[in-house]
């Protein structure tokens, strides 16, 4: 069924189907929410009084290898958007190609970085060609979901926060044309924070702003830039994200409500970012780099109105009361809370050392010089995207090992498989012990997450990205193992007969296995790794994310839909310190908190 008139921005107020329309939006990322919970989260959004869903599209998940696309199962974008429509929500789609989102490389595929001259987010030919092929496939999926075609998508965002990057004046018109030339006719938007709003606009595209505080006259500034155009806060930051080693960010409900109330009173449309944050499962978290590299945690709770596990918070209840005033009919009932369960602790039964697990990796690659992750000849020559890479070479003496800051991002260093220290962005030198004859030097390098925002985006190659020196001499003759810990590797690992049952003296780093027996229908829970060090957790082959004792995250969300009745396999990859048990909890422990309202304004850009 085609319709006549979609979302329009022809006056100081939006219109939809010819009637005045205020966007009451909220962000939920389908790729951060287990598919089994999509419907529940969207129903909660509708019951809160919102009328519009916004979501990003992560290019790096949908095209993990060049030319190979995945829009199935957890990545079934069409099903998610149709579910929103069935729930009674309109949709604003934010397809990128760059999305930021505190997501690895801002959603850009890491195989783009195989080109040593790559210039991301520009009209560099290699990037343009890749974007065109991506949009060819993506638009074929989303075009039938447009308002014009009878679908729920009423607007599409052109890229994301480009004003803060602004490397190429031709780039934003190129992205706009990518959409329009493929038949996208709905309203187009850009989205920028205060810093980026000064960047010149794109013809025919409405500017919107991202903010948390009504400081510096931001809304008035936007109004003056676009006279007689509707005003919208595309990202009203309902909370904030967290990085490893710092406190959990909170934004008090009353402070948030005061700003949202004022925006609505002034007739400004709003999108809550996030309404429900969810989880950056696997190794998909991004990182910050404003001179110091800071990787983000796996939880994307964001202190949002719906918690990581989908609970209605005090923010939710306050917003529901507020938004109900903008509806002529009573709001739908809030769905019953999702039941969670605290399973009994499970005991580690077997372990497998990192060194024994190397049999289950793809064939190692030999190279005179170190090769960065993205340029390894693995994954059908698309390189390694995520996880760990092991570099080994032979040395004949000890001395001073110097990384020259070529470790990205963190390496455990071993001599003859005995750990002698760590190299990272802070520590570039390490003393190696003397020994007799030939010794094996091993560097287990972790990609802790690629930067997702800022000028460092082009410099996100991982692994070892240049020479490593021993006593001022460059090391040569490397054997390189890809440890991306994909499901196929985990499956080989799980079926191995080499697991050892003597867990009193385990080899670390290594894999630790326990079995959880679930009676009846599985429920959501949180895994609590008290007494463990750093690594990642896999349940029935699914990567839940990273754990690290430095916090603030101390629990990993485990969706019940990823469990099964009966026996479940839990594997912890551990780098530093193992315990003999895994515990469960009903709610997460976020650790010490810090109020984002007390942070300098510049830290929120």
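Each Cβ is built from the backbone N, Cα and C atoms, and glycine gets one as well.
What TrEMBL records for 161 is active site, proton donor.
Among the features that TrEMBL reports, active site, nucleophile is placed at 235. All protein chains included, residue 235 (active site, nucleophile) registers 25 other Cβ atoms within 10 Å of its own Cβ.
Sequence annotations record features per position, and here TrEMBL assigns domain 'Glycoside hydrolase 35 catalytic' to 13-325. For the domain 'Glycoside hydrolase 35 catalytic' (13-325), the mean pLDDT of the prediction comes to 97.
Positions annotated as domain 'Beta-galactosidase 1-like first all-beta' by TrEMBL: 383-483.
The domain 'Beta-galactosidase galactose-binding' annotation in TrEMBL covers 509-568.
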Cβ atoms other than its own within 10 Å of the Cβ of residue 161 (active site, proton donor), all chains, total 25
Residue counts for the domain 'Beta-galactosidase galactose-binding' (509-568) under DSSP, helix then strand then coil, are 3 helix, 34 strand, 23 coil
How big is the Cα-to-Cα gap, in Å, between residue 235 (active site, nucleophile) and residue 161 (active site, proton donor)? 11
